[in-house]
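Enquirer: Take a look at this one; I'll ask things after.
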Amino acid sequence: MPIFIIAGLLVHCVFLASIFDIYFTSPLVHGMTPQRTPLPPPAKRLVLFVADGLRADTLYELDDNGTSLAPYLRNIIEYKGSWGVSHTHVPTESRPGHVALIAGFYEDVSAVAKGWKENPVEFDSIFNESEYTWSWGSPDILPMFAKGASGDHVYTYCYTAEKEDFGAQDATKLDTWVFDHVKNFFQAARSNQTLFSKVNEEKVVLFLHLLGIDTNGHAHRPNSREYKDNIRKVDEGINNIVSELEDFYGNDGKTAFILTSDHGMTDWGSHGAGHPSETLTPLIAWGAGVNYPQKVASQFFEDEFLKEWKLEKWKRLDVNQADIAPLMASLIGVPFPLNSVGILPLDYLNNSAHFKAESMFTNAVQILEQFKMKMTQKKETTLSFLFTPFQLLSDTEQINILRKARSYIHQEQYHEAVSLCETLISLALEGLSYYHTYDRLFLGISVVMGFVGWTSYVILLIVKTHTILYLMILVKEIKQPFASTVLLQYGFAAIGILIAFFLLIQTCPWTYYIYCLLPVPVWYAVVKEFRVIQDLVSLLLVFPLGQSIGFLVAGALGIEILVFSFFYRSTLTVGLIAFAGWPLITRLWAQAKVTTLSWTLLCLLLAMFPLMPVVGREPNISLMLSIALSTYVVNSTHSSLQHKQGLPVINQIISWTTLASSLFVPLLSPTFFFQRLLSILLSLMSSYLLLSTGYEALFPLALSGLMFAWIYMEKEALQHYGDSLKTKLAVLNFSYTTDITQFRQLHLDDIRRSFFFVFFIVTAFFGTGNIASVNSFDPASIYCFLTVFNPFIMGSLLVWKIAIPFVLVSCAFEAVQVTTQLSSKRYSKCYITAVDGMGLHFFFLVKDYGSWLDIGTSISHYVLVMVFTIFIMLLSGLAQLLTTKRIELWRRTKRHSM
């Protein structure tokens, strides 16, 4: 692999990783002292129901007849308990949602590498602080809390992973399994004295994880009958469990109940991003220590759901998801989880003002402990003259607020004490964020320096080696070598040593060395090309000013159009319509009317896809049969799942066989241009069909048609500008080795071709849906391959579906490179510069404030562009493999007559 490609991959991997160190570092600190409310708690035990994937609007709304899907829970809202909406945090996945609920903090993204199952870091939780915890439910959730608990007091009862099947059976059986096992557990406790004693202890937690709603939502969508029927089953099951527990404990009034969800779900059955349907989850609490319903004359919320839900008269108490952890801790009297950032929602408590004040004071001290530990850690790793403390919460201020709050409690001025504690919590959380992001500006400047340096180097490399300036520079270097190279080397080496020493004495993480030292060799490479910079400036000064400005404006406008397409897919439609008019502007239509008409019509056809809603000479008979078979498998699979007959084994075998052969079969065809390209299209089309659920199945066909037209248009463009290509495209062969002397220097039209390539890559990505967020994936896409939940296999299949249009565009670009007689190295530098311009733009757009949707979108856009760059480099190698290599299973031997 060329050195430039290797360097490019490494540099962009660093740029990609930097965003996780800047925005996605673990918030956890250790070494704090547990904090517990000193007064007796109102409840001896807590029952936590988590209905996985339950949307707030679906639970609270009434049907056309004015009937609730969950009549028992509706009755609790109106007569027995408190209710509200729990606002979740991105990413809206099961593991981080449960961590926020049970441990009180928002987990960093490193957990995704463990599939949201194992513990990437140790953390405290309500379960860990309890006397005993019994839990029932999914093997994906329960073990992580048992594994992280100290001692042997967290017990889990899980069904097998195979039961989490989207199609083989009714998913409500997952919840029925939980309810039945809880009932059996308490029946067994009646005759088992040891177990009976344990369940009658104080500080006991019973956790029921109910996965059926989430599974039915993925399989049938949240608006389906199956999803709503599952809610009815859960409501009925909760009613039965509450009755069972009240009977077991003799109606002692010491049981607190909480129902909530880890995340919601989009209308198309996915989650992971920040749409309100994913972040708004229900919260209903009742029982010991919980407030009764509070009637109000009026209340205001921006979402205006109250009127839809017919709950205007009952006070709605919204919380952040992490606030539920301190609420549970307060109800049963266990220490607040050490890393919790939740704020105790006092309105949910039915207790004395003294208890509320003491609980809030405990909450404030617990969060303040984290702030102090975070500040100490940062102070120890920063030079004293560089350390800037959080001014709003100095040591003196902390002592004064704590002393004053304690004084208010002693004087029974509880309202003032609570208000002061809330102020302290707010300051402590702000300070935690301050120290958590302390190095963000420093790291951001380092990454930007690396970004600008790398882009500048690539531009200079293009100018030096691929333009007419190459000969001028070569002559000058022979006549007058650049004498300052050694001085530059020593100078930049000294800078690198100073930076490394600065990081060493501050005991910075090893990744900081990479981010801060990367700009040194990059800028050395830039400054070393000082003669190129001189010649380029001289040339630009001679060049007409208007044309120079016009060229720069056109380049910037092109990059901004690509950036804009990440926010508005319709931008791609506008771009494709403009592409359709390109031959008219350049007068290519006059010399190739049929080719131009094909190009225009196919551009307009492809332009329709971004407006739709998200979500050879020899016949290739075998590949055509493969597509027909794939179409049959898709139809029969979805029919089987619709009738709840499961995934047919034969369909599964055919699907995996087709997928496995999709990259092998094209290598059997001849390497002539259109025979090989058609073979690649038909082979990959089979896999794409198996992964399609709607109109997107037609997208590769429209895209490929345009790619064929593009190849012809570029041939016509060469002839139009005088670079005649006499050989017919039909007889060109990918595998022919082209003499390097035939390759020409870079022209302005080649920059236009590079832009076309990047635009088509972006179109391939966003053409059938905005997949800049996790929630835009349709889980039904993978049902031909498996229906049992497996995040890594499902994710890999969805990534391959995304990659197929990329491969088609990359293979077509390989043909364009051969047609235009320009090496892939020269093109690669052009399109990498364009994508890096997008990446730098998105880097400045990344933010950690505003709505969770805005935060998640800004980060995902940057990550996507960086992945684009790496992906395009890798795709270039895959495209070369698919287009140039051939496997001959049966060689034909020539017979010579005597």
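Backbone N, Cα and C atoms are what each Cβ position is placed from, and that goes for glycine too.
Taken from TrEMBL, the feature transmembrane segment covers 441-462, 482-504, 510-527, 539-559, 565-585, 597-615, 653-674, 694-713, 754-774, 780-809, 830-847, 859-882 (among others). TrEMBL lists 624-851 with the feature domain 'GPI ethanolamine phosphate transferase 1 C-terminal'.
Can you walk me through where each of these features ends up in the structure?
Expert: Beyond its flanks by at least six residues, the transmembrane segment (441-462) meets 4, 11, 14-15, 18, 21-22, 512, 515-516, 518-519, 522-523, 525-526, 529, 532-533, 536, 746, 826, 829-830, 832-833, 836-837, 839-840, 843 of its own chain at Cβ-Cβ distances under 8 Å.
Non-local neighbours of the transmembrane segment (539-559) in the same chain are 469, 748, 751, 755, 834, 837-838, 841; each lies 6+ residues outside the stretch with a CB under 8 Å from one of its CB atoms.
Sequence-distant contacts of the transmembrane segment (565-585), counting only residues of its own chain at least 6 positions beyond either end whose CB sits under 8 Å from a CB of the stretch, comprise 592, 596, 599-600, 603-604, 606-608, 610-611, 713, 756, 759, 762-763, 766-767, 770, 772, 842, 861, 864.
Counting same-chain residues at least six beyond the ends of the transmembrane segment (597-615), those with a Cβ under 8 angstroms from any Cβ of the stretch are 268, 569-573, 576-577, 579-583, 693-696, 699, 702-703, 705-706, 709-710, 712-713, 763, 766-770, 776, 778.
Same-chain neighbours of the transmembrane segment (694-713): 583, 588, 592, 595-596, 598-599, 602-603, 605-606, 609, 612, 615, 673-674, 677, 681, 684-685, 688, 729, 756, 760, 763-764, 767-769, 804-805, 808-809, 811-812, 815-816, 819, counting only residues six or more beyond its ends whose CB sits under 8 Å from a CB of the stretch.
Same-chain neighbours of the transmembrane segment (830-847): 8, 15, 19, 22-23, 444, 447-448, 451-452, 454-455, 458-459, 462, 558-560, 562-563, 566, 746, 750-751, 754-755, 757-758, 854-855, 858-859, 861-862, 865-866, 868-869, 872-873, counting only residues six or more beyond its ends whose CB sits under 8 Å from a CB of the stretch.
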Enquirer: Using a Cβ cut-off under 8 Å, which residues of the same chain at least 6 positions beyond either end of the transmembrane segment (482-504) come close to it?
Expert: 512-513, 516-517, 520-521, 523-524, 527-528, 530-531
Enquirer: Are there residues at least 6 beyond the ends of the transmembrane segment (510-527) whose Cβ is under 8 Å from a Cβ of it, and what are they?
Expert: 11, 14, 17-18, 21, 439, 443, 446-447, 449-450, 453-454, 456-457, 460, 488-489, 492, 495-496, 499-500, 503
Enquirer: When the pLDDT values for the domain 'GPI ethanolamine phosphate transferase 1 C-terminal' (624-851) are averaged, what is the result?
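Expert: The answer is 74, the mean pLDDT of the model over that range.
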